[in-house]
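Colleague: Questions regarding the structure given below will be posed in turn.
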């Protein structure tokens, strides 16, 4: 199951990582469930705004930045290419991170995973509860905006927990293959839970995909 999880993560990344290949317009991925499907844990208004407004904004700004970057490349304008890097990183990361995030959630989520992934979690963290506690602490502890992640370290062959600031993508920042991402930007929970991030973590574990 761990192999399937890693391979699945790579497939999820492929469309979003088009920023590294041939220039093409990126499109907003459809959610595999309705906006209201995660209620009462995450309400429909948050899901709609998060997906159709916030993710869409990263996507649109990424397309604009890439178009400008291609123009700068064609002109040989190195100064403009360098100046566009922050926008490409921020908006590209926002698109990649959210594309993964949506697939990590499920109306039928919550509880322990099964098979090889659970065994790997027990091996690397002691138990599922210890893993959950550690990822929760790392996610709650992110200063400002960012993400908490479970990733796979290909070199060491083990699972690792990491945090990334803002929209920095996990693989581009740490080299870890992202398996599970928790968005701790306030737009992910403020309308429902105000600024109480720990309550958001309690809620989101109830809809995190377990298969």
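Cβ coordinates come from backbone N, Cα and C, glycine included.
The transit peptide feature in Swiss-Prot is assigned to 1-24; the stated evidence is similarity to another entry. Annotated Mn(2+) binding site per Swiss-Prot: 50, 98, 183, 187, in sequence order. What Swiss-Prot records for 58 is 3'-nitrotyrosine. Feature annotation from Swiss-Prot assigns N6-acetyllysine to 68, 75, 114, 122, 130, 202; the stated evidence is similarity to another entry. Residues or ranges marked as N6-succinyllysine by Swiss-Prot on the basis of similarity to another entry: 68, 75, 122, 130.
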Colleague: How many Å lie between the Cα of residue 98 (Mn(2+) binding site) and the Cα of residue 58 (3'-nitrotyrosine)?
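Modeller: Their Cα atoms are separated by 9 Å.
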Colleague: What is the one among the modified residues 114, 122 whose Cβ has the most other Cβ atoms less than or equal to 10 Å away?
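Modeller: The largest 10 Å Cβ neighbour count belongs to 122.
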Colleague: Between residue 58 (3'-nitrotyrosine) and residue 50 (Mn(2+) binding site), what C-alpha distance do you get in Å?
Modeller: 11
Colleague: For the recorded Mn(2+) site, whose residues are 50, 98, 183, 187, find every other residue on that chain with a C-beta no more than 8 angstroms from the centre of their C-beta atoms, and list them by sequence position.
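Modeller: Same chain, not in 50, 98, 183, 187, Cβ within 8 Å: 51, 54, 55, 101, 185, 188.
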Colleague: Among the recorded positions 50, 68, 98, which residue has the fewest other Cβ atoms within 10 Å of its own Cβ?
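Modeller: Result for the recorded positions 50, 68, 98: minimum number of other Cβ atoms within 10 Å at 68.
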Colleague: Spatially speaking, which of the binding-site residues 50, 183, 187 is closest to residue 114 (N6-acetyllysine)? Use C-alpha to C-alpha, please.
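Modeller: The smallest Cα gap between residue 114 (N6-acetyllysine) and any of the binding-site residues is with 183.
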Colleague: Minimum Cβ neighbour count within 10 Å among the recorded positions 75, 130, 187, 202: which residue?
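Modeller: Sparsest of the recorded positions 75, 130, 187, 202 by Cβ contacts within 10 Å: 75.
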